[in-house]
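Now, the feature entries from TrEMBL:
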- 95: active site (ACT_SITE)
- 251: active site (ACT_SITE)
- 242-246: disulfide bond (DISULFID)
- 77-374: domain 'Peptidase A1' (DOMAIN)
């Protein structure tokens with residue numbers, strides 16, 4: 001011990017002498033990183049892309065899960081997950097309008113779940129999506145079938161809404177990811193248009209290359225669905241729906257934009273929207289078929305939310321009816337053309353589905369209970 005203490009004091013004396021000989025180190029004032037970015041007009045973009053987190057150096061590192069999605073004719077988007085050991089792969093719709101994970105059981109002849117009431121049984125096992133491994137994930141094995149699901153390419157649904165909507169009190173996949181410390185508490189969605197590739201969902205991150213400008217953050221009005229308060233819907237500055245405000249949910253699992261039946265009928269809205277643009281027929285479920293030659297002259301529809309305006313041009317809310325969907329969409333009208341992306345929703349809520357999300361890159365933030373929107377590119 002005597003030798004150790006003696007050596008320690010000698011080292012201390014040597015270090016003290018070194019500092020006394022070295023003198024003072026001058027500090028030079030220069031531009032901050034923020035000032036340099038502001039001069040280049042990049043500060044707002046950088047701030048949105050890399051939010052300031054002073055605790056980042058003290059916290060654990062998180063993974064970011066990228067999962068590409070297949071665009072099925074602009075009507076649905078699905079990606080691949082794996083369940084169990086050895087892993088079995090399924091194609092699922094990533095649905096922010098529900099909270100459970102459902103895949104078909106061996107007792108079904110085809111797609112075996114009902115989007116309103118799932119009937120089946122649940123299991124616990126390992127789960128993987130986008131390179132993220134989740135332990136002890138509960139999921140449902142369905143034994144009943146919604147008939148139309150037999151014609152979809154997806155096998156099941158991965159719900160991304162809040163736990164309050166979950167059947168059987170099952171912990172949703174994303175909640176497990178966050179609670180197990182795998183990812184940060186937000187995810188983002190980019191949906192391509194015109195059946196193009198490139199759609200993706202990112203768990204614990206978002207991609208600035210898929211949007212322009214800054215994200216506009218909108219607080220949730222209810223932590224069940226991703227529900228927000230919408231101020232109004234306008235065309236050419238005139239309120240055409242949602243006068244005085246209404247509730248809406250941002251839902252990746254719904255193809256169209258749907259309005260509530262209680263105080264608004266989409267058929268009336270569509271007529272008001274396109275009566276000068278050659279409305280050919282409004283079908284019983286209130287989707288309208290229009291003349292494709294009229295799209296360029298049809299107006300923007302603007303959704304005013306939390307003080308910001310989000311406009312959809314006609315090219316975004318009208319789609320060409322493909323030959324494959326002709327029998328389903330247009331046989332009643334006797335016309336082969338274009339259909340609008342608006343429909344009755346059957347509830348008290350507006351649903352801002354894929355027609356809206358294709359135009360606006362969306363970040364779903366559980367940490368702040370908010371939705372971030374920016375114009376997609």
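Every residue, even glycine, has its Cβ placed from backbone N, Cα and C.
Here the features listed in TrEMBL are painted onto the structure.
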{"residue": "95", "record": "active site", "Cβ within 10 Å": "24"}
{"residue": "242", "record": "disulfide bond", "Cβ within 10 Å": "23"}
{"residue": "246", "record": "disulfide bond", "Cβ within 10 Å": "20"}
{"residue": "251", "record": "active site", "Cβ within 10 Å": "28"}
Residue 242 (disulfide bond) to residue 95 (active site) - Cα separation in whole Å | 25
Which whole-number value in Å describes the distance between the Cα atoms of residue 246 (disulfide bond) and residue 95 (active site)?
-> 22
Residue 95 (active site) to residue 251 (active site), Cα to Cα, whole Å, comes out at 7
